[in-house]
Amino acid sequence: MQICRDKGAMRDWRSPGGRVALVPTMGALHDGHLSLVAHARRWLDTQGGGRVVTSIFVNPTQFGPNEDLATYPRDEENDIALLEQAGCDAVFLPTVADIYRPGAQTVVEVTDLSRMLMGRLRPGHFRGVATVVTKLFNIVRPDAAAFGEKDYQQLAVIRQMVADLDMPVEILPVPTVREADGLAMSSRNRRLSPGERAAAPVLNRALDQAQRMVAEGAGLSATRAALRRIIGAEPLADIRSIDIRDAATLSRIAMIQAPVVILLAVRFGDVLLIDQRVAHPKGAPDVR
Ligand code: AMP
């Protein structure tokens, strides 16, 4: 596996041509990230082959001033070993100085989608994401890029950006990979105390129940109340937001008639966890 530590090395690796699929990450890799690598590989196989590159970059511009940039987990040696085992062809590990030149003035902002939901809790977050993903696309020039459905709004922002700006990159959505007890894998899970870790699967249990209720015809307020009741019964869970939105557009809905996405943001101690589930009311067509 080729290790590229700056833009120049990355461009050199890219230059022979052929198809390339990119997996953008912030490192501290787990099986969720490796599932993105596997999806990228499968997509390349359907296209006659190519190379997979994973980027590892803890992007400062997507963290707010009081967020966990300084304490975000970093584990480069282990990440490289995991990617090697997963059959990734290259890893891009740029420094902050290499990605952000002093004096840069340009940002990419997907306006409406970035201001709602997590964008309200984390102002500027999706502008940081859209800007760095654009830069990664310009450096790597991938034919496809894989993103997890776990970060549902991020996936929606990237899809909107690619469509709006005619970026020639196919976006590959990847289902959420979970621990055996249902907790969505996340680099942040390792910062949970043992008690918080034991409490956190309540998110998946609440989503399971809400998904069943929607399938059986429950309305918005009953579904929201059930989510609040189940998560609220867990003393270590501090609910930051519970949203039920149109699964395709993320817009607000007055009633559940088409597939919805249930989006949770819940703190355990000082760790903010997110999780999501698409739920289909009886008889509704699929979102995709
Ligand atoms: P991160 O390193 O947290 O920025 O995540 C990098 C990519 O991996 C994003 O596209 C995430 O949505 C995706 N991802 C993170 N956790 C999971 C998971 N448990 N299952 C699938 N994809 C994930």
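Indices start at 1 and increase along the chain as displayed.
Placed from the backbone N, Cα and C atoms, the Cβ positions cover glycine too.
Just so you know, TrEMBL annotations are computer predictions that nobody has curated.
Note that the structure is predicted; figures quoted are calculated from it, not measured.
Neighbours of His33 (active site, proton donor), defined as other CB atoms within 10 A of its CB across all chains, total 27. Residues or ranges marked as active site, proton donor by TrEMBL: His33.
Taken from TrEMBL, the feature ATP binding site covers 26-33, 148-151, Val177, 185-188. The DSSP secondary structure for Leu29 (ATP binding site) is coil. Sequence-distant neighbours of Leu29 (ATP binding site): residues of the same chain at least 6 apart with a C-beta under 8 Å from its C-beta are Thr54, Ile56, Asp75, Asn78, Asp79, Leu82, Leu83, Ser187.
Spatially close to Gln62 (beta-alanine binding site) yet at least six residues away along the chain are Gly124, His125, Phe126, Gly128, Val129, Val132, judged by Cβ distances under 8 angstroms. Residues annotated as beta-alanine binding site in TrEMBL: Gln62.
According to its DSSP assignment, Gln62 (beta-alanine binding site) is helical. The (R)-pantoate binding site annotation in TrEMBL covers Gln62, Gln154.
Candidate recorded positions: Met26, Leu29, His33, Gln62, Val177. Those with a Cβ under 6 Å from ligand 1, in sequence order, are Met26, His33, Val177. Remark: Val177 (ATP binding site) has His30, Asp31, Gly32, Ser35, Ala184, Met185 as non-local neighbours, by Cβ distance under 8 Å and separation of at least 6 in sequence. Counting every protein chain shown, 22 other Cβ atoms lie within 10 Å of the Cβ of Gln154 ((R)-pantoate binding site). If you draw a 10 Å sphere around the CB of Glu149 (ATP binding site), it holds 16 other CB atoms from the protein chains shown.
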